[in-house]
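Q: Handing you this structure, nothing more for now.
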Amino acid sequence: GKNEYDLLVIGGGSGGLACAKEAARFGRNVAVLDYVEPSPQGTKWGLGGTCVNVGCIPKKLMHQAALLGSALKDAQHYGWNIAQPVHHTWSVMAQAVQNYVKSLNWGHRVQLQDKKVKYFNMKGSFSDPHTIRGLTKAGKETVVTAENIVIATGGRPKYPTHIAGALEYGITSDDLFWLKESPGKTLTPFVFIVSLECAGFLTGIGLDTTVMMRSIPLRGFDQQMASLVTEHMESYGTKFLKRCFPTKVEKLESHRLQVTWKNTDLGTEETDSFDTVMWAVGRAPDTETLNLETVGVKTNSETGKIIVDASEATSVPHIYAVGDITEGRPELTPTAIAAGKLLAQRLFGQSSELMDYDNVPTTVFTPLEYGCVGLSEEAAVQCYGSDNIEVYHAYYKPLEFTVAERDVTQCYMKMVCLREREQRILGLHFIGPNAGEVTQGFALGIKCGATYPQLMKTIGIHPTCAEEITKLHITKRSGLDATVTGC
């Protein structure tokens, strides 16, 4: 018989919703299955996926709360009389953020309805290559058939289950943004993006926060920039336990959590107590209940991610995957959205355009933000050799930091270029206020193949931090002082 839907999307996050809505635009019969398994601590949320509920959106809003705290300190230098001491109330911030997230959940429901996309709040698993068995929370079963199926279930935070007490007493970013009360004194072991971002805003709103770092920070990013980010965080008040790893977590009679860890440099065992331990050990693809092996969808045995080709197709015809669930793709909301839209256009809109994953810009929202696009210096050296690249760099002073006498030691930018005559820009890295806004504009130029001479012809907007990029002229090779002075 004929399949019920032209397209069925499993997963109502950024990539899945974008794909479903785009397919509906072509007049196709589309359905979305979405189900949020509560975290081990019982946290659950609505439609919209990680970014909306437990990722980019609440994180950026809480980052903003911390920036406002810094602005209050600066304001006094600019003549504002602010009564001391200033106090932050977690519950007020959390309620406002959570209310906004709930409004986004509702907005997604309404959009699907408006576009005539059928929404099932169910957990889906494959019965055969065209059939999905959906289960509601109450255990009611619905069988859905579709001509094309897109898997977009994303990932969930991992727990270090080899550490005693980790699962029983720890939380993850899935829980932090939905806490009603302040997490208090917090430890975040392991250094992934989310651990630094959360530690940054927790410190910024006045909480005692510690990051435990076994090896390098921000693996996969430019390491010079990553070091500057953590140096600034240390000077800003976040504590770092370097070359340490946790071995157990125990609950004390006071309900605090006692964490034991090993210091690999000193060969010692140390302990301290915290109110909250937030694990950030990476994310695992959410595939457990999908029953992929039954229909023959191939995954990477090490990562568990779905293997896809350039057109997001899996090993089974008519079954596709987009977003964080796919092997070798950046775990970023905008790439998932773009890939989902393009997939729908190829399936139903006579398009042949593939997603281009090169030169994708991103930003780490630490207290001093780090934005980048293109290759890190290490990756450029590996690809082209150190003799064939030129790195232009500068330490600069944001004008708004001067009157407030803010520390500018880590405000730094660098541009990695090919050395040959045209000097094509391979990568741009920027640490400073509003790094995301700065990087977004330059990302267009780099996507279009911008060269260093073209950048030097670009007129800067004065006085901005972004303007300093248009004045980069000191190379690392020259050994000259890269500190920008004057106007």
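Even glycines carry a Cβ here, placed using N, Cα and C.
Among the features that TrEMBL reports, domain 'FAD/NAD(P)-binding' is placed at 5-340. Residues or ranges marked as disulfide bond in TrEMBL: CYS51-CYS56. TrEMBL lists LYS60, GLY124, ASP324 with the feature FAD binding site. Annotated NAD(+) binding site per TrEMBL: GLY282, in sequence order. According to TrEMBL, the domain 'Pyridine nucleotide-disulphide oxidoreductase dimerisation' annotation covers 360-471. What TrEMBL lists as active site, proton acceptor is HIS462.
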Q: Hey, what's the Cβ neighbour count for CYS56 (disulfide bond) at 10 Å?
A: 17
Q: If you average the pLDDT over the domain 'FAD/NAD(P)-binding' (5-340), what number do you get?
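A: Reported value for the domain 'FAD/NAD(P)-binding' (5-340) is a mean pLDDT of 96.
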Q: What does DSSP give as the helix, strand and coil breakdown of the domain 'Pyridine nucleotide-disulphide oxidoreductase dimerisation' (360-471)?
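A: Counting residues per DSSP class in the domain 'Pyridine nucleotide-disulphide oxidoreductase dimerisation' (360-471), I get 40 helix, 31 strand, 41 coil.
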Q: Please report how many Å separate the Cα atom of HIS462 (active site, proton acceptor) from that of LYS60 (FAD binding site), as a whole number.
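A: Spelling it out, the Cα of HIS462 (active site, proton acceptor) and the Cα of LYS60 (FAD binding site) are 27 Å apart.
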Q: Are there any residues at least 6 positions away along the chain from GLY124 (FAD binding site) with a Cβ closer than 8 Å to its Cβ? List them or say none.
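A: ILE10, LEU33, TYR35, ILE132, ARG133, GLY134, LEU135, VAL144, THR289, LEU290 - these are the non-local Cβ neighbours of GLY124 (FAD binding site), listed in sequence order.
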Q: Would you measure the largest Cα separation among LYS60, GLY124, ASP324 for the FAD site and round it to whole Å?
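A: With LYS60, GLY124, ASP324 as the binding residues for FAD, the largest Cα distance is 31 Å.
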Q: May I ask for the distance between CYS51 (disulfide bond) and LYS60 (FAD binding site), taken between their Cα atoms and rounded to an integer number of Å?
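A: Rounded to the nearest whole number, the Cα-Cα distance is 10 Å.
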Q: Here are some recorded positions: LYS60, HIS462. Which one has the most Cβ atoms within 10 Å of its Cβ?
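A: It comes out as LYS60.
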Q: For a quick check of packing: other C-beta atoms within 10 Å of the C-beta of ASP324 (FAD binding site), how many?
A: 28
Q: Please report the number of other Cβ atoms within 10 Å of the Cβ of CYS51 (disulfide bond).
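A: The answer is 23.
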Q: With every protein chain in view, what's the tally of Cβ atoms within 10 Å of the Cβ of the residue listed as 'NAD(+) binding site', excluding that atom itself?
A: 16
